[in-house]
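Below you'll find the structure, written out as structure tokens, and then a few comments.
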């Protein structure tokens, strides 16, 4: 099991980092008391290969020995990585001012500046054990997300997965689409007796569409649109982008176009999947 403990001062970006890890397939637990870490790990070790927990100043034990014990009581084969995220005092002060959130130590009636210094002191035992550190002072949300993703996966592995999904409007819109394009305006093989029972993956139907200028134009314009914007989704640290192509029944036009787009983007820097929702209808 890969175990990552995300910690750091409030406002530095722990929640963002944990969200990235969840998108990368980690089982995530937010604000776990560190003394419960061994119990959690033993409970899920057979279910999950990757686990991430966030720990903030409210979840730390009163005695440093309890922190050491919590880490020592983990199974021998688990070597936790500790990600410590921090920002400068001035940046944290600005972020709290902009969001008007209360600092976790505000219940002790400490001024914000003093609360940040006290938090730094309390987190020092975890900071000393940090496997990797990120200073988020000058990072945007996307830049912080990208650093976490690249560290976990490696730059080459963190490719955007683009899913081209065909569907039939008569059966409803798929709930997980990021984009939906309507192909019902295109010539329909359903009205050709020799093609009606076939699908968009059959050679005869493909030949029919290849002779239709409107279909060629439709695909070309979609391709141009996606070539322009997919790199931006990649840089924004998206894990998946699902593009729906719909026609009436999801058998001919949408299937053909999804297949064509899948082929055209397969050799680029994205991972491409083609799915046909109505394949079994």
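Cβ coordinates come from backbone N, Cα and C, glycine included.
Listed in TrEMBL for this protein:
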- 8, 9, 10, 11, 12, 13, 14, 15: ATP binding site (BINDING)
- 56, 57, 58, 59: GTP binding site (BINDING)
- 1-155: domain 'RapZ-like N-terminal' (DOMAIN)
- 161-279: domain 'RapZ C-terminal' (DOMAIN)
(request) Could you check which of the binding-site residues (8, 12, 14) sits closest to residue 57 (GTP binding site), going Cα to Cα? (result) 8
(request) To the nearest whole angstrom, state the Cα distance for the pair residue 15 (ATP binding site) and residue 56 (GTP binding site). (result) 10
(request) Could you find out if DSSP has residue 8 (ATP binding site) as helix, strand or coil? (result) strand
(request) Going by Cα-Cα distance, pick out whichever of the binding-site residues 56, 58, 59 is nearest to residue 14 (ATP binding site). (result) 56
(message) Just to be sure I understand: of 56, 58, 59, which binding-site residues have a C-alpha no more than 10 angstroms from the C-alpha of residue 9 (ATP binding site)?
(response) 56
(message) With helix taken as DSSP H, G or I, strand as E or B and everything else coil, how many residues of the domain 'RapZ C-terminal' (161-279) land in each class?
(response) 50 helix, 26 strand, 43 coil
(message) Using CB atoms and a 10 A radius, I'd like the single residue among the binding-site residues 12, 59 with the highest neighbour count.
(response) 12
